[in-house]
Each structure stands twice: as structure tokens, then as C-alpha cells.
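Down below is the structure, laid out as C-alpha cells.
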Amino acid sequence: MEPANYTRVTEFVLTGLSQTREVQLVLFVIFLSFYLFILPGNILIICAIRLDPHLTSPMYFLLANLAFLDIWYSSITAPKMLVDFFVERKRISFGGCIAQLFFLHFIGASEMFLLTVMAFDRYAAICRPLHYATIMNRRLCCILVALSWLGGFIHSIIQVAFIVRLPFCEPSELDSYFCDITQVVRIACGNTFPEELVMIFSSGLISVVCFIALLMSYAFLLAMLKKHSGSGESTSRAMSTCYSHITIVVFMFGPSIYIYAHPFDSFSLDKVVSVFHTVIFPLLNPIIYTLRNKEVKTAMRKLVNRYMLCREK
């Protein structure tokens, strides 16, 4: 496309979730409550795991990293969305849009890869219990976490590299409350089929392959537990952990597959799924792991009690 046919976009206009003032105020209260629960909840998980001497196994190390990623993931879109509820014309600069898109895919893909690492950790714990400590040593855990971050970074760089070279035409309005590849590609000028195809393979295919692989892995682990183990407490704990991981996997990958694994056309459920993916999903990590993990609940309770005692003194 010739340069004369398009302009250099310096900012995008966001339509937001609603144009009605009353609805925006209700949504502000709801999402602010979610965000104020997500941050302390995940921080409490990290502190409890770091400070409790009983939570030193690789599973808890990985869980603390997942909570850390959730803090960042929820902070990419939520703060600006909350501010925009009080702004009549919602804008985001081109640089801010690219930064939001980059970190969304960087942290999101890192979480996906980390969930895959957590599945490998459960495999080692259930299928190789005598060698678990040797297999999942701290050095390997750090390497796997670092590789998860590296994989997320590479994935995100690919998305950004294709987005920044797209030409855009006026009006540069995104039918959303944040910047993502699906909305940005829709308003690009000219033929974006090659870029769209690469992004579907990069985001959608990764989501589908990881999702299927993780479900098959946990189905295999649950079958192993039911076949070779009794009904003791250790078996119940292992199964409960697997069910928790499966729940996180479904809630993480389901919306991601819906958003990225098809051509970037507009659908009526897009905003609803996006809200769940970027705002509500990070809330599920502290809820699911605290409700289904007795050790984490005990450690968090001790930490809160210790804090209350210190305040009373």
C-alpha cells in the first residue's frame, strides 16, 4: 500500500464497555473490587509460600511464580480501564497501545508455559515419587521458569513486530477497553491476511496445543492415581491439586482459544470473554488455590495472624 493512502496514527480511541454513565459506575465498583482482591490475594500467596518453612516443594515455588504473573497480568488492563470509566473520550497513545499489547501477550504466554511446567511437576511427583526431589531440584525449577518467561517474550515480540508495521486509517477506533491484536488488526488498512494468519498460528495454535496437551496430561495423572493408589490422604491431596490445576487451565485457555484461534472478526461475546480473560481470570488463582490447598490456607492464616499480632503490639 502506498504511504499516501494512510496516515501515521498517534493514538487510538477506545469505545469502552458501556456509554451509559450509570452502567459505567456499576462496572467501576465491580472491577475495582475484583482488582483490590486480586492484588492482596496473590501477594498473600507469595508471602505465605516464601515465609512458611513447610512450603518449600517445587509445586509451591511454581505456584508463587504463577501468583506473581497474575499480579502483573491483572495490572496491564485493569488500572486504565478503571480510570477510563470517568473519562468521556477514552484514548490511548500508539506507543501505549503497543506496550499494553506487548505485556499482555508476554505475561499471558508466560503463564501458559508455566502451567505446562506445573503439569510436568505433577507428573514427576505422581509417577516418579522416589526421584521427585532429584528431578525437580531448585536449579531445574529456576531454568523452567526462566524458559517460560523467555518463551512468553519471544511470542510477544512476534506479535508486536507484525503490529507496528501495519498501516492504519482514520477513524482509529478500537471496539474494546484495551489494546489487543484482534482489535488492532481489524482497523488496519489494506490486506492483513498474512499478518492475521501468523498471529492466529502464534497465539491460537499455541493455546490449542498447550490446552490439549495439558488436559491429556492431567487425565493420565488422574487415571494413574485412581489405578495405583488407595484412598489415603496423600492420594486425595494429589487429586485435589490436579483438579485445581485443571480448573486453572480451562479458565486460562478457554477464553484464549475463543479470542485467538479463529479469524479476527467481531463477535457479540468478544467483550464479555475479554473481561473474563483479563480481569476475572487472575482472581481465580488465589480463590482456587486457597480453597483447594490446605497447606496454603494454613500458611496464609498464620501469616495474617502474625500480622495482626504485630499490629496489636
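A Cβ is built for glycine as well, from the same backbone N, Cα and C atoms used for every other residue.
Remember, TrEMBL labels are computer predictions, not curated facts.
If you look up TrEMBL, you'll see 41-289 marked as domain 'G-protein coupled receptors family 1 profile'.
Summarising the annotation, TrEMBL assigns transmembrane segment to 25-47 (among others).
What TrEMBL records for 59-78 (among others) is transmembrane segment.
Residues 59, 62-63, 65-66, 69-70, 72-73, 76-77, 80, 92, 144-145, 147-149, 151-153, 155-157, 159-160, 163-164, 178-181, 184, 203, 206-207, 210, 213-214, 217-218, 245, 248-249, 252-253, 256, 278 of the same chain lie 6 or more positions beyond the ends of the transmembrane segment (98-120) yet place their CB under 8 Å from a CB of it. Under the heading transmembrane segment, TrEMBL lists 98-120 (among others).
Under the heading transmembrane segment, TrEMBL lists 140-164 (among others). Long-range contacts of the transmembrane segment (140-164) within the same chain: residues 58, 61-62, 65, 98, 101-114, 116-117, 120, 181, 184-185, 195, 198-199, 202-203, 206, each at least 6 residues beyond the stretch ends and with a Cβ under 8 Å from a Cβ of the stretch.
Sequence annotations record features per position, and here TrEMBL assigns transmembrane segment to 200-221 (among others).
Counting residues 6+ beyond its ends, the transmembrane segment (242-261) has Cβ neighbours under 8 Å at 108, 111-112, 115, 118-119, 122, 180-182, 199-200, 203-205, 207-208, 210-211, 214-215, 218, 221-222, 225, 269-270, 273-274, 276-277, 281, 284-285, 288-289, 292-293 in the same chain. Positions annotated as transmembrane segment by TrEMBL: 242-261 (among others).
Annotated transmembrane segment per TrEMBL: 273-291 (among others), in sequence order.
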